[in-house]
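Input: a single structure, listed below in structure tokens.
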Amino acid sequence: MSDFDSNPFADPDLNNPFKDPSVTQVTRNVPPGLDEYNPFSDSRTPPPGNVKMPNVPSTQPAIMKPTEEHPAYTQIAKEHALAQAELLKRQEELERKAAELDRREREMQNLSQHGRKNNWPPLPGNFPVGPCFYQDFSVDIPVEFQKTVKIMYYLWMFHAVTLFLNIFGCLAWFCVDPSRGVDFGLSILWFLLFTPCSFVCWYRPLYGAFRSDSSFRFFVFFFVYICQFAVHVLQAAGFHNWGNCGWISSLTGLNQSIPVGIMMIIIAALFTASAVISLVMFKKVHGLYRTTGASFEKAQQEFATGVMSNKTVQTAAANAASTAATSAAQNAFKGNQI
């Protein structure tokens with residue numbers, strides 16, 4: 001009670017046990033109850049310090065972005081462009097064939113009106129001898145066979161040039177070896193003989209076979225061309241005293257003179273090339289022959305028809321028949337008189 005009698009001007013909390021600093025510190029740390037909650041008080045917690053977050057590696061999203069594809073209309077446009085280009089190409093080819101057929105038709109009309117004039121060999125107008133054959137690949141030969149016929153024509157020319165060079169090769173060999181006069185003479189004979197004969201005997205039948213689809217002419221070509229191939233092989237071999245600068249003759253000439261031997265080796269290589277190309281083209285022509293529908297039966301029919309329609313044969317048969325009839329009538333008349 002003595003405390004109540006103390007100085008009224010003294011601090012009232014001085015002796016208050018609830019104002020003890022240790023007690024107030026504990027009570028301050030206790031969270032306030034619901035009855036002491038004040039919604040208007042500033043109860044925000046202080047912001048946390050700068051906390052370092054762990055580095056998380058970036059991952060791709062769960063939904064992958066689809067790859068970029070060309071839209072469907074682009075593919076359609078490309079296909080349409082390709083189809084249009086193919087159509088244009090076919091149209092150009094058809095127009096080219098139509099123009100070629102038109103040109104051939106006009107040429108055939110001109111030939112029917114003015115007649116077909118021979119144009120091969122191409123000789124000058126003032127030459128005493130005129131052309132002997134008519135040759136025009138674009139007019140006579142179908143388009144699919146023109147290349148083959150032209151190659152055979154160039155092969156004939158190649159062999160003719162080789163025979164011409166063979167003359168000079170044998171002449172050079174004759175100059176270094178006087179005993180080779182026989183080869184030099186035969187080389188001239190082979191050039192004068194084989195050049196026209198090969199043109200008439202196998203090239204013209206081939207030309208006519210493709211022109212008129214003649215089975216008989218195909219068989220004539222095959223028979224003669226086999227012989228021609230054998231000639232090419234013999235010329236490439238070059239036996240002595242046969243008039244050919246083949247491999248055997250070239251080696252002999254090389255032992256006598258190196259320049260002459262080299263010249264003869266070149267000619268032997270040309271003969272060998274002729275033989276190889278001839279074999280290849282024979283197979284090609286035979287393959288084309290099988291696609292044309294030609295046969296041995298058709299060849300027999302064409303031969304029989306050609307023989308019977310030949311004016312010379314008809315005249316000879318008529319003369320033979322008239323002679324036989326006359327002799328028979330005379331014998332019968334003599335028998336009646338006896």
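Cβ from N, Cα, C; glycine included.
The model shown is predicted, which means the values in this text are computed figures rather than measured ones.
Membrane topology per Swiss-Prot: Pro178 and Gly243 share a side, carrying the same topological domain name. Here the transmembrane segment (262-282) touches the transmembrane segment (156-176). Their Cβ atoms form 3 or more pairs under 8 Å, with each pair 6 or more residues apart. Per-residue pLDDT, averaged along the topological domain 'Lumenal' (177-181), amounts to 91 for this model.
Sequence-distant neighbours of the topological domain 'Lumenal' (177-181) (same chain, 6+ residues past either end, Cβ-Cβ under 8 Å): 170, 253, 256. Using a Cβ-Cβ cut-off under 8 Å and counting only residues 6 or more beyond its ends in the same chain, the transmembrane segment (156-176) has close neighbours at 183-184, 186-188, 190-191, 194-195, 198-199, 203, 232, 235, 243-245, 249, 253, 256-257, 259-260, 263-264, 267, 270-271, 273-274, 277.
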